[in-house]
Amino acid sequence: MNFENTLSFAQDLDRQDKLSLFRNEFLIPQHNGKDIIYLCGNSLGLQPKSTKKQIEILLNQWENHAVEGWFTKGVEWMHFHESMQHSLAKICGAKPSEVTPMNNLTVNLHLMMVSFYKPTAKRHKILMEARAFPSDQYAIDSQVQFHGYQPEEAVIELGPNEGENLLRTEDILATIDKHKDELALILMGGINYLSGQLFDMETITKHAKQYGITVGFDLAHAMGNAPLKLHDWGVDFAMWCSYKYMNSSPGGISGIFVHENNYANKELQRFAGWWGYEKETRFLMTRKFKPEQGAEGWQVSTSQMLLLAAHKASLDIFDRAGFENLRAKSELLTAYLEFIIDGVNQKAGKLLYEIVTPRDKKQRGCQLSIIAHHPEPKKVFEKLTENGVIGDWREPNVMRFAPVPLYNTFEDVYRFGEILALNC
Ligand SMILES: *Cc1c(COP(=O)(O)O)cnc(C)c1O
C-alpha cells in the first residue's frame, strides 16, 4: 500500500478498518482532555471495559455462594479456566489440553525448566538469546546453578554479529549444530523484548529437534501479538504473561503450553501441587500425586479467580476479533508507523531515529524499537510523554513503540509522528 503522511489518509484507513469498533471496548487514559496516544501495549495492555464487570461477577459469586462457588451449578470456579483453554489455544496454535492459565511468568519459567531442563554431564547447556529479558537470564542462570553447573560455562548467549542489532537465523542454526551434543535445552524469547525481533520459531525448533534437543519459548512479547503454531511446530513447552498484549491486568495471570508429545514421558519430573492432580479424583485427597493429563497437570496452587476473571474479559475480546484479523491490521498499522518514522528522518535530513526492529513483517510483531541518535535522546522521550504519547524507554537510548491492533488507530500513529517531528 502507498501510505501518505496526512491526517485525512490516516483517518481514511481508520474508516476502512473492520476492527475499529474494538477501541471503544477499552478504557483510554486522558491527557489534557483527549485520549492519550498509548503505544505501550508491549508493557501493559489497556483495560477492557468488561474487566470490571467480570470481576464484579466473581465478587458477587463469592458473596452469594462462598465456598460452594467451586462446585455450584452455573458458578463452578473449578472449571472457570477451562473456558479459557480454547481461547488461549486459538491464539498460540495449540490443542486446548496443551494450555492452561496459571501463576506468573517467571514462576512458570522455573516450573517448566524443572520439567524440561534435564542436564546430564555431557548434555547440560542451555542456548538463549543475548540481551534477553533480565528475569529470563536470572531464572536460567539460577536453574543451571541449582543443578551444580556454572552459568558462564553452561549458558550460551547468542548475540548479533559485530555491528548488527539482530540475530540471524542461520547463526542460530549454526550454533545449534556446533553444540548439538552439549545442548540440553534451547530457551529463547519468541520476540526479543528489546529489539522487537520475532524469531523463526518453526525453523529453530525443527532444527533442534532432529538432535533431540528440548525447545521452549518465552512468549511474553509474542502471545496475542505474533502468529503462533506451537503444536505444529513441535515446540516442547512455552509460557507467557497476560498483561502485555493480552490486556489481563497488571501482574495478571500467566499461561503455559506443554506439547502433547510430552504427556506420556514418564521421565518428566515436576514440582507438584494439588491443583495439578487428576481433576476427577482430586478431592479424594489421596496420598500419591497423580497428574491430570495435559498442561493442567502442571498447575500447583488453587486457581486465582480474580485474575482469571480479568483474563476472561480480555480473551472474550480476542475470540470476537479473531487473531488473524488482528494480525492483518497489526501488519498494516506497524508498517504505517515505520513509514511515519522514516518520514520524520527524511524531514530532518538525517537518521535521528533508527528503527532496529526488522523491516520484514514476518520477523516482527507490532512493536518497533528505535535507537535515538539525537544528542539528548532522553529529552526526546520526555517531550513525547509531555505531549501525550506513552511509549517506553530503555537505557541508554532505546525507545519502544507498539501500536496494538485492538485499540490503536492509524490516527494515533499519524499524531505520534507529528509530535516526534517536533523533536527534530
Ligand atoms: C515481561 C517479561 C517478563 C516478566 O516476568 P514476570 O514474571 O511476569 O514479572 C519475563 N520475561 C520476558 C521475556 C518478559 O517480556
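Numbers run from 1 along the shown chain.
Heads up, the Cβ atoms here are built off N, Cα and C, so glycines get one too.
The record from TrEMBL ties Leu105, Thr106, Phe133, Pro134, Ser135, Asp136, Asp218, His221, Trp274, Thr302 to pyridoxal 5'-phosphate, and of the options Tyr117, Tyr149, Tyr243, Tyr336 it ties Tyr243 to that site too. Just so you know, of the binding-site residues Phe133, Tyr243, the Cβ with the fewest other Cβ atoms around it within 10 Å is the one at Phe133. In the structure shown, the C-beta of Ser135 has more C-beta neighbours within 10 angstroms than that of any other entry among the binding-site residues Ser135, Thr302. Among the binding-site residues listed (Asp218, Tyr243, Thr302), Asp218 have a CB atom closer than 6 Å to some atom of ligand 1, in sequence order.
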